[in-house]
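Asks: The following feature annotations were taken from TrEMBL:
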- 22-258: region 'Disordered' (REGION)
- 68-79: compositional bias 'Polar residues' (COMPBIAS)
- 99-125: compositional bias 'Polar residues' (COMPBIAS)
- 173-182: compositional bias 'Polar residues' (COMPBIAS)
- 200-216: compositional bias 'Polar residues' (COMPBIAS)
- 238-258: compositional bias 'Pro residues' (COMPBIAS)
- 449-485: domain 'Zinc finger Sec23/Sec24-type' (DOMAIN)
- 522-760: domain 'Sec23/Sec24 trunk' (DOMAIN)
- 765-849: domain 'Sec23/Sec24 beta-sandwich' (DOMAIN)
- 860-960: domain 'Sec23/Sec24 helical' (DOMAIN)
- 986-1051: domain 'Gelsolin-like' (DOMAIN)
């Protein structure tokens, strides 16, 4: 760059380095394994204040006190950059060792090199791919826990992204870093940003800690939320749940005293969302009752209890004796006197006799270990939706644990060492749905957000209170002071009970962030729509549907008085629309120079929605007719996206782009790579991008807080592998409507309408960052999802939406000796559409185990399958599809072999699996038959890529439904066991195995495959069902292309429609219902989802089990 670019306006963390400019050439960054948290009591490095214009900040996370892995650290350039001159959109050349098109498909980014089924990450030169179940390479050589003093001035602490193992650090150019003066806590040495030449990076911690603010006023507000949620996952089969169910059930407390709160403290409670007065729980002192005794290993006689969870005040552990407040030497914390006369608590002495077992979870764990002979037990599929396993924790702790729909681990019993994890041959990882719509969300407004001074963990239900004035972090074990303001509990109006505050009673909570969490005013909601108006696009008729849906939902777009909106259309040229106040109609401005795109006028292209609503409505009504006579067949998508980026970069926001064909002119033009006759071969499938243009542009967008959502409506090959990068790295979403046409494929019109309405009206978070922290000793090494990894563990999310899921892979870096439990915490800092800066925190606590049998007993088979699917997408892209398929099969073979050889005491014939993993072979077979990984000529290339996009971006519950559909018999629905929701009765038929042998010609069967539903009518189906549900006289009268159930005034019709509607309401996308008969052309699609039966290119379930048994017995 001829001149230093301005600072990247990214959501850095306060106290961290400015989001240093990175990856304008799509480079990846050198990576360092993140060691979570410092040694207890380590000094907290202070950070630098980002430069002017930098966006939101979150105090830095666990990497703050990470050990320095290399003496010289390179401060690498972060994602995206601002061109110094508008219109000068240039990129440095990719180094020769980084061939174009080798960027990974997946959007997962590695933060360390591991030998276990490594996805490509943002790596360009990859090490040889190892087997899926291989063990991670143990770190060799000593690693200092705290940066050596000599490095305090020379080590550059960077918030940059991660470079791949193969790519060296870039040459130091004329990047400049400005550092404003910061205050440092007493005893904390300042850290300085200085460029170095190493390959590591660490994240500085903020100089501001959460408890340095003066006490202010508290306000507890319920989240206003987005549109009413229709995708909260119901649990059928149980008693009818209430519609609004608290996230974590809590005991009702005694009635709080009714005195006025102290001056300066405000309490605001929204009873519609969350009633704090009913959420307070008086906890028994739980540290001695934390874990149910794991079976079968008895509790060791000399159990060390120095790392407690709960709210008790035990004696100080040896490492913290010097931190005692004034008191007689050797006195217990409970006997200490406080000058303010605050309330004291008595803590009973801890001993092994206090480790009482919780029989509920103990019996569940025993059930998880029960051996199952898969070749003999055919009916292993549960008849209700499979629930997540319950961790083996004491019930009082488990009550406070995070909802598994939000935060889930593949192993609910964490192995104490990496060696034990390697022996189990199961992946360790987390699956998150962090921004899920919630009916109850406690929201806390306070000038003090209490966080660990060392690792920056937010206070949560699993910290330990040593006494009223001190709490111990459950991630790094540092002892922290309780701020004075935190001593008062506005819920109970009692002083001196910090352990009863909402922050310590809820595993999921949202904070209203104070000013230190923002480096500029929160951005306004800005929405830009980019429409393909080429001849091919107009022919599909999509513009009518989109403009009408947008017109109908204009007032429902999330936002406030600052909301802005704009429109661009393109064919071989780019058309802007001036919506200046005072114009009688919108004015079109055409830019025909697509090689050097510029913005034709400085303002009025993005306008205030409320002030210019009539002009906007006028434009949406006329747009579909404006191009009906167009014969322009070219598509300049790349230049249109460049123009959209230039228009949005001053503010950030969301670009929604609608594309119907392969881009053919200008930057980013593509050529067809699909050869229909070679779809069957697992080799030479083009899963990698053909150009890095879209990835580079996405990184530029991410740097300016812009996300791009892609709607692809195409009947022809459009190279989604390349186009998808624009959404993947900017934290956007991909929607694919294959063969969309308003006349030839009318069911797609309804699907687009419903999904677009959800997309336009759902909640949205802007300029977000997410960090996942875990207990010291665990480390995260690979991320999966749509985002950009800005520093070793900070995910950049220009937009975050409630329908996106994420996954991470983990390893046990240090032995978890003396730990009974470990904790995981995700923190999502975002700007709401109302302009509020908020932090949503989820915390999960899991037990640590020392035996292989306990690891298997706590395996979560759905989470394991979901994580393996993400890893398999990476393998497909970095290696080949057949490699990914082999790795999936090997994952089953290796884990069942390890179970057979190391856990089973009596060797038995057959294929033995622990009950917890009894569905593992079935789910992996389902993955092998899914469009992402199947062989055969059925899947178009774009369809395969789109399914891979869904694997990487769907929350687990939807991913499992797409992988292993649910089959129900619906011609005999009854009210027995039905749910009652909003005066509706929802039948709950049992789930059937996916095999033709379960079908009867006398019945009707509904298959729910997530994004599509099939209602198969047997030839001899009862006349009453056909007439009273389908509304036709007989079987022969059922139309071939029937996709809707008529609303009839019959009990059967009401029940069937209620059941189908209830299934649809639980997800954010709209599944089309196809009603099929024996001679229907769609019957093959229905049968393709019969996972347990043999298909043209895949084994039946029984054959697959025989193959697994053969390999296990080798």
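Cβ atoms here come from the backbone N, Cα and C positions, even for glycine.
Just tell me what is around each of these and how deep it sits.
Replies: Secondary structure of the domain 'Sec23/Sec24 beta-sandwich' (765-849) per DSSP, as helix, strand and coil residue counts: 0 helix, 60 strand, 25 coil.
Averaged across the domain 'Sec23/Sec24 helical' (860-960), pLDDT in this predicted model comes to 93.
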Asks: Where among 522-760, 765-849, 986-1051 do we find the most Cβ pairs under 8 Å to the domain 'Sec23/Sec24 helical' (860-960)?
Replies: 522-760
Asks: Using DSSP, how many residues in the domain 'Zinc finger Sec23/Sec24-type' (449-485) fall into helix, strand and coil?
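Replies: So the counts come to 2 helix, 12 strand, 23 coil.
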Asks: How do the residues of the domain 'Sec23/Sec24 helical' (860-960) split into helix, strand and coil according to DSSP?
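Replies: With helix first, then strand, then coil, the domain 'Sec23/Sec24 helical' (860-960) has 71 helix, 3 strand, 27 coil.
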